[in-house]
Each structure stands twice: as C-alpha cells, then as structure tokens.
Amino acid sequence: MNFMDYRIVDGASSDHNHDCSSFFGSCSTVEDDDDDHYFIKLNHNNSVSSSTLINSSNSSSVLAMAKNPEMVNWLKFLRRKIHENPELAYEEFETSRLIRTELDRMGVSYRFPLAQTGIRASIGTGDPPFVAIRADMDALPIQEAVEWKHKSKVPGKMHACGHDAHVAMLLGAAKILKTRENCLKGTVILIFQPAEEAGIGAKRMIEDGALENVEAIFAVHISTEHPTSVIGSRPGPLLAGCGFFRAVITGKEGHAGNPHHSVDAILASSAAVISLQNIVSREANPMDSQVVSVASFNGGDNLDVIPESVVLGGTFRAFSNTSFYQLRRRIEEVIVEQARVYKCSAQADFFEGERFYPPTVNDERMNEHVRKVAIDLLGPKNYKVVPPMMGAEDFSFYSEVVPAAFFYIGVRNETLGSIHSGHSPYFTIDENALPIGAAMHAAIAERYLNEHR
Ligand SMILES: [Zn+2]
Ligand SMILES: [Zn+2]
C-alpha cells in the first residue's frame, strides 16, 4: 500500500544517512541543519484505498501506523521534551510553541492563540460534521522525586498528571489523521488547552471558540490504576464536580479570661464545621455520592486571646450538576447563618473563576462509541467499565456544551514503577501507552465522521 514518504531528522544522531522500508513507505535519516529537533516529515499526497474505509480495517491501519517504531520514538521524544520543561497554567508558551512547530511540519492548519496558549487545529474536509479530540498542556507545582534521564529541569514544577503524554498522543493522532486526510468524511478539530489543573482553561477555550461547529468531543487521561494500554470508561457520571471554599468568620477580639468582652469567632467557626458535616449526612440522598470536607482552619495563635477572625476552607464534590450547585449554595448558607447565631459575620469565596469544575458526565452514545473503537482496536479484554471517581476534570465544561466522552488509558507497569497516582512526586508512566493513545484518538475521530456524516 502506498502511503507517503517521510523523513526523520534526529539532530543527536544526524551523522548518517540511510533508507529503510516501513509501514509508511520509505524513510531516511538525514542531516538537519536548522535545529536539533527530532521530527517525522510527511508528504500528504498519497491515497488510501477505499477498502480501508471499512471500520475494522481502519482500526488495524491506524494501530499499525501508531506502532511504527519511528512513530513510537517520535512520541516518546515529544513526551520527554515536554516532561523536561513543565509549564504551569496559562504559562504553556514553550509547550504551545512545540505543538505549533509540529503542526506546521505536518502541514496542519490551526487557530492560535485561544485562552492565551491554546490551539485549535483542524484536519479533514473543512465541512461538517466536526468532531473534537482534546489534550491539556499544563504541569503542576510539584518537585519531581523520580530520578531518570528526562527528569523535570524546572525546580518545583512537574508533569505529575501526564499532560505531557496527552499532548504527545494528540500530536500522534494529528499525524495519523493528516496522513489519512483523504479518508476523512468531515473535519477533526484538535484542541490543545491550557490550565486544566488550575484556571479552568477549558471554559476559556470554549469562550474563545474552541467548540465552534463541533458536535461531539472526546478526551483521554492516563491512569496508573489500569495496566498499560487498557482503556477504561463508563456511561454517565465519571468524575465528580469539584469546588473549593474559603470563609472568613469575623467576631471581636478579646482576652480569653474575659470571654464576655469578645465575640468568639473560634466558637462560631467550630459550629460551622459541625453543621457543614450535616449537609451530606442529612440532606443528600444516600444513593447520590457527595462530599464536604473542611481541610483548613486557622485562627489566632495566642493562648489567652480570642482572635478577631478565623479562616476555614475545604472542598466539596458531587456527581450531578443539581447536587453540586446545591452543595455550593448550602455551604455558604450554613457558614453565614451559623456565624450569625454566634453574633459573628462571615464571607465565603468559592473561586468560581479558577477552581470550579462541574461533574464530568459521559454521554451514553459517545461512551458507546469509545467502547466500540477500543474493542475493535485492542480487543475486548482491553476495555473495562470503571467506577466513578471523586477526582475532577475541566473537560466537564466541554461536556456541558456538546455530547462528550472521557476515558482512561492505563500506564500501570510495576516493573517500570509506574504505580503512583497522579499528583504524586513519584508519578511516572509506561510510555508504551503513547502509540495506543494516539491510535485511540485517531480511530475515535475518523470513525465518528464515518458514522455521522
Ligand atoms: Zn491533575
Ligand atoms: Zn490531569
């Protein structure tokens, strides 16, 4: 089958020239004179026979492309480069630049910037239907504790949630889809977003037009809960809505030996903490999982002075929008009203512009689409229905606008030590999942277009 010519340039080993056969056709390693960047350059002037449009053969072609050794090396290279240079929310300038450089080399057009560093790329006919696949780009303020060759070079910052892998997988999908562009029965939109961990980048991407014309969206997250390359998902609620609160309860400072001269903010705050625990236990349906946790409580530090104010805060979670927004309302009421009982005043902040994530709910049809693609691509043993989790994702903002499905890809490998959960300084992944993630993205998008034109 005739696919394309491509050229691999590896600045680190550019002192030789060779041709080899591969799934892609011919390839050569040649000297790169403009930078030390590793890339695969594709010529997209070849056709794919119409028989490959049949879905099952789509899957095998896509998987074979993803597993091509040159592709695998390139995916690892991208992931490692991003891992070494982690950038926090809305500061993903170099990550975004790297993505745009790769898209330019593939000949993929895009809009930039959205939400400061975000990118909306498109591959296909330019006509409907439009289906989106998404990756997040930001890292975490965590000091990496894993000693390895490609450890973070930035003190105090680390890709401890796998967003480096997400970017690599989405670029891998871009390459596969660009190669198969003349097979696409519509348009694939690739969304690279900033600020998933903080700053609700998804919301700003939507405000800047990321979902324009898009009728469905998909995203993957790596998971150390599942063995490498196993896909996991479920219909309906998958991840909780997650909010945070911080309240200042103010009374009147006074000597602790003469409490009647003070208005005791410690007592008022303590009552508020107890009452907050009654919201879930007394007001929520026991079949509808919810959490309210007070995680911080700070008042005075003098043993004989009742302080003027106490600052307390925590988090709340729920799996439906109704329960989530109800928790938010009741937490504020309980804090303000309990303060009033003790003659104090209270003000609560819910950080709605930066850390406020609705529940991630998978559309049943979109989830079924992911399940079918995963089983076709990887076999039934490599797809699992997973339980809902109390973690949160700003992907939920997309899922509020269009039918959406979010799924996991396993990276757990005990031999490699990829057993620590996300946000651990020991977090690491099995990179063998990268080509599988790229293939999943590409197959999900291409098959969606085939079935929804
Ligand atoms: Zn995270
Ligand atoms: Zn994440």
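Keep in mind that glycine also has a Cβ here, set from the backbone N, Cα and C atoms.
Note that TrEMBL annotation is computational and uncurated.
Taken from TrEMBL, the feature Mn(2+) binding site covers C161, H163, E197, H221, H423. The domain 'Peptidase M20 dimerisation' annotation in TrEMBL covers 245-340.
Proximity of C161 (Mn(2+) binding site) to non-local residues of its own chain (separation of 6 or more, Cβ distance below 8 Å) is seen for A139, L140, E196, E197, G422, H423, F427, given in sequence order.
Secondary structure of the domain 'Peptidase M20 dimerisation' (245-340), assigned with DSSP and counted as helix (H, G, I), strand (E, B) and coil, comes to 42 helix, 31 strand, 23 coil. Within the set of binding-site residues (H163, E197, H221, H423), the lowest number of other Cβ atoms found within 10 Å of a Cβ is recorded at H423. Same-chain neighbours of the Mn(2+) site beyond C161, H163, E197, H221, H423, judged by a C-beta within 8 angstroms of the site's C-beta center, are, in sequence order, D136, D138, L140, H159, A160, G162, E196, G422.
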